[in-house]
Amino acid sequence: MLRLLLALNFFPSIQVAENKILVKQSPMLVVNDNEVNLSCKYTYNLFSKEFRASLYKGADSAVEVCAVNGNHSHPLQSTNKEFNCTVKVGNETVTFYLQDLYVNQTDIYFCKLEVLYPPPYIDNEKSNGTIIHVKEKHLCPSPRSPESSKPFWALVVVNGVLVFYSLLVTVALSNCWMKNKRNRMLQSDYMNMTPRRPGPTRRHYQPYAPARDFAAYRS
C-alpha cells in the first residue's frame with residue numbers, strides 16, 4: 001500500500017488554471033512518536049479573507065480529518081472524531097498538528113483551501129499530497145529512578161532477614177532433635193546393661209539306685 005501511495009504522490013501535476021491557488025506539501029512524513037505537523041503553504045495571502053482550510057485523508061479525499069472556517073483573526077475549528085487535530089493559521093500557511101496517530105492511519109493526505117469572501121470563490125488545485133507513514137511505536141523500559149528502587153531494596157532486605165531467621169530456627173530444631181535422639185539411645189543402652197537377678201536354678205538329681213546289702217556278701 002505504501003508503494004502505491006508513493007507512486008500516486010509523484011505523478012506529474014496538472015497545469016494550474018489562472019483562478020486556482022497553488023499549494024505546496026512535503027512528499028512524505030514519517031511518524032515515530034504518534035504525532036506529526038503537516039504544513040500547507042499556499043500562493044495566496046489569507047489575511048483579511050474569509051476562507052475554509054481543511055485536510056483530507058485518502059487518494060480520493062473521502063475522509064475529512066479536520067477543518068478551520070472563518071478569517072485570520074477568528075478561526076473556528078472542526079475535527080473528525082477519529083483524529084486528534086489542531087490547526088494554526090498563518091498569512092500563507094495552514095499547519096495541521098496531528099496527535100495520537102495509529103498505524104492503520106497511514107495514508108496520503110491532501111490540503112485544501114477555499115476562499116469564500118471577497119468574491120470570486122477560489123480554491124486550490126489538488127496537490128500531490130503528503131504520505132504520512134505511521135510507524136508502530138515500541139516502548140522501551142525506562143530506567144528506574146532511585147525513589148522507585150527504594151521499595152524494591154526494602155523488600156529484598158526483609159526477605160533476607162526472614163530467610164536468615166528461618167535458617168536459624170531450622171538449625172536450632174535440628175540440634176534439639178539430635179540431642180534428644182542421642183539421650184534416648186544412651187538411656188536404652190543403660191537399660192540393657194542393668195544387672196538382672198538370677199532366676200531359680202534347677203536341681204539335678206541322680207537317678208535312684210537301691211542300696212546294696214554288704215552283710216549278705218560277708219556271710
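Glycine residues also receive a Cβ, built from the backbone N, Cα and C atoms like all the rest.
Going by Swiss-Prot, these are the annotated features:
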- 28-136: domain 'Ig-like V-type' (DOMAIN)
- SER188: phosphoserine (MOD_RES)
- 179-219: topological domain 'Cytoplasmic' (TOPO_DOM)
- 152-178: transmembrane segment (TRANSMEM)
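Per-residue confidence over the topological domain 'Cytoplasmic' (179-219) averages 64 (mean pLDDT, predicted model). Helix, strand and coil counts under DSSP for the domain 'Ig-like V-type' (28-136) come to 3 helix, 64 strand, 42 coil.
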